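**Student:** Per TrEMBL, transmembrane segment is recorded for A:27-60, A:72-94, A:106-127, A:237-256.
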Amino acid sequence: MLIELGQYIPGTSSIHHLDPRSKLLGLLLYGIALLAAPTGMAASLTGATILPVIILAGLAPAFIWRQLRPLIVFLLIIFIFQVAFTPGEVMAAVGPVRITREGLNYGLLALARVFFLVLAAAVLMATTDPLALADGLERLLRPGQRLGLPAGELALMLTLALRFVPTLLEEAERIMRAQVARGATFQGNQIKNLMPLVIPLFVSAFRRAEGLAEAMEARAYRGGQGRTRMRELHFRAADYIFLLLAGLLAAGSAYYRLRFGS
Amino acid sequence: MEIGLQEVSFAYQVAGRQLPVLENINLKVSPGDFLAITGAGGSGKSTLAMLMAGLLEPTAGRVTLDGQPARGRGKGKGLAPWQRVGMVFQQPEQQLFAETVAEDVAFGPRNLGLGGARLEARVKAALRAVGLDPQTVGGRSPFTLSGGQQRRVAIAGILAMEPEVLILDEPTAGLDPAGREQVVNVIRAFYRRPGKAVVLISHNMAEVAELAREVIVLHRGRVALQGTPRDIFRQGEALRSYGLIPPPLTSLMQVLRRQGAPVPLDVLTLAEARDAILAWLGV
């Protein structure tokens, strides 16, 4: 596989069995907690609450590492910029670069927010069947339908997008091999070098989209109104506990910010 | 150029587990060979083709080029020898990307470092070799061509790199009869040139019977049968057990034989079949 981000690892853990709505709401609350945390240290501690979830889900450290590896450079750049360009109390100076206490704090804060959010999203994707995820999203968005939010269509788009991620990845790998057989290297930063991959991929994606639209119409698909589900979603005790914990985390973090934050 | 596979095995890594695809494959392709690799879907044909083209590396065993152990393309400094092995993928028209047919065909040889008049000559020769006129078709967008023409443009893109061994994975799948015949003729013309070798991956038995000099039947990642087309197609029942159906002429001979007609079973061409039947009828 070229890219493993967002891969679903089927399993039977308690996290896998949570209702997709709980996991989506949990991610939202976790995000709120992360954003509310006022200091780098607080955000790191807040973020670390994902660890028991990872352990319960039985995700291997190697898998987590592969998910986050592409992000490392990006995170380091964020961190270095924050550390180097935030004015404040100078702790150390290396040439013209001043490392400040505030810089370290903001650097850690930004790092922790992005790192843990991506980690949590990866855990969500790894433990939730993409179709269940789209179902859950549709149910969560349904109240918005009164306001004109096309929840069914959005969920369908998401389902289709998720459904075709592995297909397109496979296709990308195939086309890449074919171009490598023609001596392509895909090295260098110029966008031009990617054309032999990108254009065939687009052409086939459009062709697939057309075929899919026709296949759906042929089976009388006419949009989301009044559709029934094959899998009904049910909250269970574990879902309430999970949401309670996530809610406490968000509330605690917000309280900490109001009380001690700047 | 000689491609050798010695005790080659290959397994895909899926979620930490090994999924064996090929086991203990030994084969050799030398100049002048026309090897067909056939087998039911999922028997490992395409994976074997990619191993032979250096696009995958075996998980065990080794691949040699002219007797020298070779790593995969792009690994180490090993690109140069692989340049002499051309690979046409399944539905190669899906890899077309350039604005004009000529540009697309030029992509491969340009990656080999060619330019100017030599590059142009290669492109023209390759387009002619696949039966397309460089003057009229060269400047058009590949996406305006018919499916069969697109496929031939894609094959021209490989021929323009002037490989010594041409590996084709289901080159005629999904084409109409005319397109199929044109592609078969391109393959024939390539094979007729001195020092060239062809590896054809196909589950079309009629095509294999018509073209190949040697046939390998894969079954669940292992070589189940190996021999000349006559040897292979004589074994109708064995073929069926490997999920293949003998070519129509061979099947016809088997039916006739079952009816008591003393016809040979190893018939490959229409002319042979006609002669055999006429001989039996005593005409």
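Cβ atoms here come from the backbone N, Cα and C positions, even for glycine.
Note: TrEMBL annotation is automatic and uncurated.
In terms of burial and nearby residues, how do these features look in this structure?
**Tutor:** Residues of the same chain lying 6 or more positions beyond the ends of the transmembrane segment (A:27-60) and with a Cβ under 8 Å from any Cβ of it are 9, 11, 13-16, 104-109, 111-113, 115-117, 119-121, 123-124, 126-127, 243, 246-247, 249-250, 252-254, 256-257, 260-262.
Within its own chain, the transmembrane segment (A:72-94) is flanked in space by residues 100-104, 106-111, 114-115, which lie at least six positions past its ends and keep a Cβ under 8 Å from the stretch.
Beyond the ends of the transmembrane segment (A:106-127), by six or more residues, the same chain brings 5-9, 11, 13, 15-16, 18, 23-24, 26-27, 30-31, 34-35, 37, 39-41, 43-44, 46-48, 50, 53-54, 57, 59, 63-64, 67-68, 71, 74-75, 78-83, 86, 133 to within a C-beta distance below 8 angstroms of the stretch.
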